[in-house]
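A short worksheet on the structure shown next.
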């Protein structure tokens with residue numbers, strides 16, 4: 001399919017395509033030198049190029065993007081895969097072919113690693129012809145049980161059209177709620193996409209597509225060292241006390257843990273911890289509403305199990321060598337690195353493997369029966385069986401490898417970083433204020449543990465790891481790698497503006513920070529709706545709230561869902577206090593905040609508010625909905641929710 005003609009357009013001084021001697025989506029590779037036997041190697045060739053940009057919150061969009069990269073390489077196409085916020089967005093006008101892969105987080109929010117891009121692409125001063133030379137496609141990943149299903153992908157698709165881009169296909173809307181997951185929409189969409197892409201930029205003549213069963217080259221080679229280096233220490237780059245630079249993902253601060261206290265009753269079904277860190281000298285700075293990111297580690301038992309399954313020596317040292325010039329080793333891995341450090345600190349062996357894991361494992365398998373099963377799991381037809389085997393019981397990577405022992409034992413170490421994703425940092429709302437505790441940082445952590453049909457309970461990696469740490473063990477100080485980033489909640493700067501906060505369960509954490517901060521600034525117009533099951537089991541910070549009430553700094557409205565026959569939640573308490581809520585919002589300009597589980601609670605609270613606007617404000621249904629939308633648009637209604 002020939003590339004269509006485009007109208008002339010002016011974009012930031014960019015040359016028109018007709019003036020370029022080489023189309024930008026083709027990169028010329030240098031001629032290769034002679035082969036060892038003296039015969040000339042293949043002459044220089046032109047490799048078509050495309051760009052895949054992703055916004056990912058939990059890793060699914062990144063996994064799909066890397067799948068696109070692999071499928072492009074199999075079709076002999078050059079492909080760059082980058083997170084949206086790591087890509088210099090001003091260069092987008094020079095990209096002729098871009099695939100955007102975007103998840104939708106929370107209540108229609110862009111993922112954290114595309115928020116800067118999101119702000120840029122929606123600038124009102126961007127010309128309508130800015131992307132007139134770009135062909136694009138948008139692949140969205142969402143959950144249809146949420147009101148704003150795939151909101152980010154839909155909105156981005158419209159915006160790219162507004163800026164002059166040309167869509168190769170309608171946006172793909174992957175749905176977690178489908179019985180086969182997002183792949184039910186993604187698989188047929190990708191087949192159509194490759195037909196369009198190969199029409200725009202066919203591969204070099206004479207190069208056949210690499211068959212699916214043949215493994216692509218690994219990103220890195222692991223060069224094992226036979227001698228221990230005489231100098232250097234293994235460990236991640238960290239921000240040291242006294243550093244002027246604030247800690248970051250590439251240089252986290254190793255914060256000493258001061259306390260790790262269970263704050264739920266002994267008979268309560270869930271273990272919830274209040275954890276405190278010493279951040280003295282860290283250059284960390286945060287305000288109410290900000291979040292701390294923590295980099296967890298795998299358990300020693302899982303590390304040992306993994307190394308045994310693959311026949312690896314945990315103490316063996318190696319260096320990483322990229323196979324491509326534009327690929328860099330992960331900054332979190334030291335050079336040289338031990339196998340133990342790689343497995344315990346970097347490879348996410350306790351995660352549930354995705355389909356791509358089985359695709360590569362099948363390519364690497366030398367065992368006929370195991371390979372046959374792995375190919376079935378990685379096929380489109382085998383997704384129901386894969387869901388029953390892996391997703392429903394939440395089977396982990398290390399458990400899958402133990403189920404395929406011959407394949408696991410034959411995995412080349414070079415492929416470890418292609419096969420297993422990196423451990424992702426976990427975000428927690430900061431539950432303390434620097435104004436109240438200048439050198440401390442506190443978080444409220446619900447320890448994730450549940451049972452499936454598998455014998456071993458399923459455990460959250462980060463919460464279980466944090467709960468296992470004992471700062472009072474009397475041994476070396478317990479240190480946790482962490483850094484801080486802005487959160488989704490911003491509290492009013494005007495001192496006389498009231499705030500209404502709704503925080504059931506651990507959703508109350510950011511509001512404790514906000515209340516501490518506001519009380520320290522003599523801002524006493526604070527209303528907190530807090531929900532839990534039992535007053536004597538999971539009423540977090542009860543004594544603290546009651547003391548603030550006595551001082552006139554807080555109005556507390558608790559909801560204890562299990563203490564009466566009819567369950568009572570925060571939305572019920574909101575309706576009961578409807579006159580107060582309406583008075584504060586409509587007549588006193590209050591800001592409204594909501595934090596907690598994203599499943600049904602936000603919709604229930606929004607419904608309660610609309611009901612209050614009708615009953616207390618005399619608004620009709622459509623006007624009440626418009627009133628709520630106006631609060632959201634003007635940032636007087638803000639949410640911070642998580643799955």
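Just so you know, glycine gets a Cβ as well, placed from its N, Cα and C.
Unlike curated records, TrEMBL annotations are generated automatically.
Small disclaimer: the values here were computed from a predicted structure and weren't measured.
Listed in TrEMBL for this protein:
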BINDING   56-61, 103-106, 141-150, 176  FMN binding site
BINDING   394, 426, 427, 428, 429, 460, 461, 462, 463, 642  FAD binding site
BINDING   506, 561, 562, 567, 568, 569, 570, 571, 604  NADP(+) binding site
DOMAIN    50-194  domain 'Flavodoxin-like'
DOMAIN    250-493  domain 'FAD-binding FR-type'
REGION    1-41  region 'Disordered'
REGION    233-253  region 'Disordered'
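Listed in sequence order, 569, 571 are the same-chain residues six or more apart from residue 604 (NADP(+) binding site) with CB atoms under 8 A from its CB. Other C-beta atoms found within 10 angstroms of the C-beta of residue 427 (FAD binding site) number 16, with every protein chain shown included. When Cβ atoms from all protein chains are considered, those within 10 Å of residue 106 (FMN binding site) total 19, not counting its own. Within the model, the domain 'FAD-binding FR-type' (250-493) shows a mean pLDDT value of 94, rounded to a whole number. Comparing residue 103 (FMN binding site) with residue 461 (FAD binding site), their Cα atoms are 22 Å apart once rounded. Counting other Cβ atoms within 10 Å of each Cβ, the binding-site residues 56, 429 show the lowest value at 56. When the Cα of residue 461 (FAD binding site) is compared against those of the binding-site residues 106, 143, 149, 506, the shortest separation belongs to 506. Around the Cβ of residue 59 (FMN binding site), a 10 Å sphere holds 15 further Cβ atoms from the protein chains shown.
For residue 59 (FMN binding site) paired with residue 427 (FAD binding site), the C-alpha to C-alpha distance reads 14 Å.
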